[in-house]
Amino acid sequence: MMNHKKGISVKINTKELVLKISLPALAVVIWELLAIYINNPVILPRVEAVINVLIHPFQGILGTGSLIDNTIISIKRVISGFLLASAVAIPLGILMGYYRTVNSLCDTLIELLRPIPPLAWVPLSLAWFGLGEMSMIFIIFIGAFFPILINTISGVKGVPTPLIEAALTLGAKGRDILIKVVIPASSPSILTGLRVGAGIAWMCVVAAEMLPSSNAGLGYLIMYAYSLSRMDVVIACMIIIGLIGLVLDRGLRYIEDKYFVWRKMMK
């Protein structure tokens, strides 16, 4: 009986794996066929040319350092902006979600600033911080801040009332309810905000690195390679960006599935 169940599980996993890789594989085949048909690497390079860039990550490329060097620089910028956004957005979101007065005070300003795209802040960022790291980190901060904040507020406001009433019945007071009931119960929503914020932060760093203030990073390398008509390098950088974004998302989803399984059971 156990062997039969294992066999079914292996079949399901194999089918799921095939489904997951079939579309990317088809995209690669179409890409290669189009590249052969166009026969112009400036418009669309062959798959082999891009792979050749990817399999030499430690080699210097176009005089801008290696792929690894530029990737690490971009990751450091994302971490800085993302951690700063989390450090501000999570406490503020908890306060706005739990205290009506704080929400009334901050809500109008937040809703006014939230629709503004991160790249619209670029002129102000350059004016405030100059041509340096802080201008790029600020753009990343703006991109990650609002998804984390909104999900935190939503999570705190969405804590079931019976849960709070039960804590009150057991003698818990305002601060204890916030720390021991509200924050743990809203953690899944906060994590969702972190997942969305991380994705946007990663997109923002690439855009920020295309600005005049940058001389390294994947975004800078994309623009520099484009100026030299090296589309193989451009696509290689795009693939790295996509892979890192995928790893970030899957990592946070794994944490959500592993430690917040009770949330799915409640639904």
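Each residue, glycine too, has its Cβ placed from N, Cα and C.
Given the structure is predicted, the values throughout are model-derived calculations rather than measurements.
Here is what Swiss-Prot says about this protein:
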type	residues	note
DOMAIN	71-252	domain 'ABC transmembrane type-1'
TRANSMEM	18-38	transmembrane segment
TRANSMEM	48-68	transmembrane segment
TRANSMEM	78-98	transmembrane segment
TRANSMEM	115-135	transmembrane segment
TRANSMEM	136-156	transmembrane segment
TRANSMEM	188-208	transmembrane segment
TRANSMEM	228-248	transmembrane segment
Q: Take the transmembrane segment (188-208) and find every residue of the same chain, 6 or more past its ends, with a Cβ under 8 Å from one of its Cβ atoms.
A: 74, 77-78, 81-82, 85-86, 89-90, 93, 118-119, 122, 135-136, 139-140, 142-145, 147-152, 154-156, 158, 214, 217-219, 222, 241, 244-245, 248-249, 252-253, 255-256, 260, 263
Q | Positions whose Cβ lies under 8 angstroms from the transmembrane segment (48-68), at least six residues beyond its ends | A | 41, 216, 220-221, 224-225, 228, 230, 232-233, 235-237, 239-240
